[in-house]
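As given in Swiss-Prot:
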- Arg67, Ser68, Gly69, Asn80, Leu84, Ile85, Asp86, Met94: substrate binding site (BINDING)
Amino acid sequence: MKLDLKILDARMRDYLPAYATAGSAGLDLRACLDAPLTLKPGDTALVPTGLAIHLADPNYAALILPRSGLGHKHGIVLGNLVGLIDSDYQGQLMVSTWNRGQTEFVLNPFERLAQLVIVPVVQAQFNIVDDFAQSERGAGGFGSTGRH
C-alpha cells in the first residue's frame, strides 16, 4: 500500500515513520519537539509528530497506538487510549500523551512515542429489527461467559 506522507517540519526528514522489523505491524512515530518535555504524574500533552498522512481510500483507517515499553516501564500511554485517523483526515498527526505513572517522565525531541497501524475499514449499514435471532449468549455480558 502506498501512503501519501506530508513532512510538516523539515527536521522529520531524518525521522520518517518506519517499521522496526520485517514483522512489525506498527510504524514508529516520533515526538517533533524543540526541547525536552517533562510530564509529571497525571499530566497530559498533545505532542506533534511533524507529519501528516492522507489515506484517501475509505476502505482504510490508521490507528495511533501506545508503545508497549513506554506504557509498561514508564506509565506513558495515550490520553485517548487509541487515536483514530480517518481516511479523509489531512492534518498533522498528534499524539495525546498521558503520564499515568508515579514519577516524572522526560520526552526528548525525536524520541519514539507511539506507533501507527493501518487497518481495513468496513462501513456498516443498519438493518432495523424488532428482535434478534436467538443466540447462545443473548444479552449476557461483563463476565457472563465465566472467569476461566
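From the backbone N, Cα and C atoms, a Cβ is placed for every residue, glycine too.
Known features from Swiss-Prot, placed on the structure.
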residue : record                 : contacts (Cβ under 8 Å, 6+ apart)
Arg67   : substrate binding site : Asp28, Arg112, Leu113, Ala114, Gln115
Ser68   : substrate binding site : none
Gly69   : substrate binding site : none
Asn80   : substrate binding site : Ser96
Leu84   : substrate binding site : Ala61, Ala62, Leu63, Ile64
Ile85   : substrate binding site : Ile53, Leu55, Ala61, Ala62, Leu63, Ile64, Leu93, Leu116
Asp86   : substrate binding site : Leu55, Ala61
Met94   : substrate binding site : Leu46, Val47, Pro48, Thr49, Gly83
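Secondary structure at Leu84 (substrate binding site), taken from DSSP and collapsed to helix, strand or coil, is strand.
Reduced to three states, the DSSP call for Ser68 (substrate binding site) is helix. If you compare every pair of Cα atoms in Arg67, Ser68, Gly69, Asn80, Leu84, Ile85, Asp86, Met94, the residues listed for substrate, the longest distance is 26 angstrom.
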